[in-house]
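Taken verbatim from Swiss-Prot:
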{"type": "BINDING", "residues": "Arg12, Ile13, Asp38, Gln91, Ser134, Asn335", "note": "NAD(+) binding site"}
{"type": "BINDING", "residues": "Ser165, Cys166, Thr167, Thr197, Thr226, Gly227, Arg249", "note": "D-glyceraldehyde 3-phosphate binding site"}
{"type": "ACT_SITE", "residues": "Cys166", "note": "active site, nucleophile"}
{"type": "SITE", "residues": "His194", "note": "site 'Activates thiol group during catalysis'"}
Amino acid sequence: MPIKVGINGFGRIGRMVFQALCEDGLLGTEIDVVAVVDMNTDAEYFAYQMRYDTVHGKFKYEVTTTKSSPSVAKDDTLVVNGHRILCVKAQRNPADLPWGKLGVEYVIESTGLFTAKAAAEGHLRGGARKVVISAPASGGAKTLVMGVNHHEYNPSEHHVVSNASCTTNCLAPIVHVLVKEGFGVQTGLMTTIHSYTATQKTVDGVSVKDWRGGRAAAVNIIPSTTGAAKAVGMVIPSTQGKLTGMSFRVPTPDVSVVDLTFTAARDTSIQEIDAALKRASKTYMKGILGYTDEELVSADFINDNRSSIYDSKATLQNNLPKERRFFKIVSWYDNEWGYSHRVVDLVRHMASKDRSARL
């Protein structure tokens, strides 16, 4: 039987997650999306948003709308390839959402509002069994990154988990390979050159807490903060306290790139590191970590569903004589599409482990 899923927050990531599971052929087979929750419940508007996307193009599946009952004024149900998805009005308290009534088992929390564990636990009181937060979380929620530490999921302990950020999902697989293959990371600085997002301004506006963040996104390179590098220490404990970083928000609508400058724990060469990352991309990290030695630019990675695509051409070794520990690694990621696929993968992984635990 398909697992029953609800998506709280049908904005950019909520829609991308839904489209990702459709793309993977999971809708109605492994996953039954019972409901999507947002402030607006106009199914016709949701259908429009799904059909047409400036970055990712037209949705490949048929989307229509209908009414859940004759008494409602407007269509409040999406119909995608014959599968009905109810549009539910958002609530200030997740506990007030009708997950129990709808039979929802797993909630994908993508509003950006309930990222604290205690707040996200409201979904459990509303009747859901598990919650996946599609953002970094606070308050003790377990952070899981597919391909890195997803195996740490414990059905009896972890009821609210975080899928980390898109940037952590790009950086962590690279660091995971460096550690696993014995290169180690003594210390490192990460910069993400990150596409603008919906939280930014189209023209200069008010941003009291982040003055630079209030400047027009499409015409500026904007320095910003990120906790993505530090978060790697949460999923790879041996790197705890060794990584930090920053972000530059740039005038592109999608695809970002991580620049990791680090000191290895032993002498090595860029050729050895390159070979290890290439090997990992074809074996134990396949589908998570990619490898390219082509002359590619950001647009070439739109709709790439991998978490991190290592760029062999852009990687550097310090040219000082006898310096064999100082390197720069560059890796690309579609911060929308790749990340959304990992949310789907995490839900599937949890469901599989949960089923096994119940046997």
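Each residue, glycine too, has its Cβ placed from N, Cα and C.
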### Message
So among Ile13, Asp38, Ser134, His194, all listed as recorded positions, which is physically nearest to Thr226 (D-glyceraldehyde 3-phosphate binding site)? Use the C-alpha atoms.
### Response
His194
### Task
Would you work out the biggest C-alpha to C-alpha distance among Ser165, Cys166, Thr167, Thr197, Thr226, Gly227, Arg249, the residues that bind D-glyceraldehyde 3-phosphate according to the record, and give it in angstrom as a whole number?
16
### Query
Do you know offhand how many angstrom separate Thr167 (D-glyceraldehyde 3-phosphate binding site) and Asn335 (NAD(+) binding site) by C-alpha?
7
### Message
Can you give me the same-chain residues 6 or more apart in sequence from Arg249 (D-glyceraldehyde 3-phosphate binding site) with a CB-CB distance under 8 Å?
### Response
His194, Ser195, Tyr196, Thr197, Gln200, Gly213, Ala217, Asn220, Ile221, Ile222, Ser224
## Note on the structure
Per DSSP (helix/strand/coil reduction), His194 (site 'Activates thiol group during catalysis') sits in strand
### Message
Going by DSSP, is Gln91 (NAD(+) binding site) sitting in a helix, a strand, or coil?
### Response
coil
### Query
What is the interatomic distance between the Cα atoms of Cys166 (D-glyceraldehyde 3-phosphate binding site) and Asn335 (NAD(+) binding site), given in whole Å?
5
#### Entry: Max CA-CA distance, Å, over listed NAD(+)-binding residues Arg12, Ile13, Asp38, Gln91, Ser134, Asn335
28
### Query
About how far apart, in whole Å, are the alpha carbons (Cα) of Ser165 (D-glyceraldehyde 3-phosphate binding site) and Asp38 (NAD(+) binding site)?
21
#### Entry: Residues that sit under 8 angstroms from Asn335 (NAD(+) binding site) by C-beta distance, when 6+ apart in the chain
Cys166, Thr167, His194, Ser195, Thr197, Asp254, Val255, Ser256
#### Entry: Arg249 (D-glyceraldehyde 3-phosphate binding site) in three-state DSSP notation
strand
### Query
Distance between Gln91 (NAD(+) binding site) and Gly227 (D-glyceraldehyde 3-phosphate binding site) at the Cα atoms, whole Å?
29
### Task
Look up Asp38 (NAD(+) binding site) in the DSSP assignment and reduce it to helix, strand or coil.
strand
### Residues within 8 Å of the Ser165, Cys166, Thr167, Thr197, Thr226, Gly227, Arg249 Cβ centre (excluding the D-glyceraldehyde 3-phosphate site residues themselves)
Thr192, His194, Ala228, Ser247, Ser256, Asn335
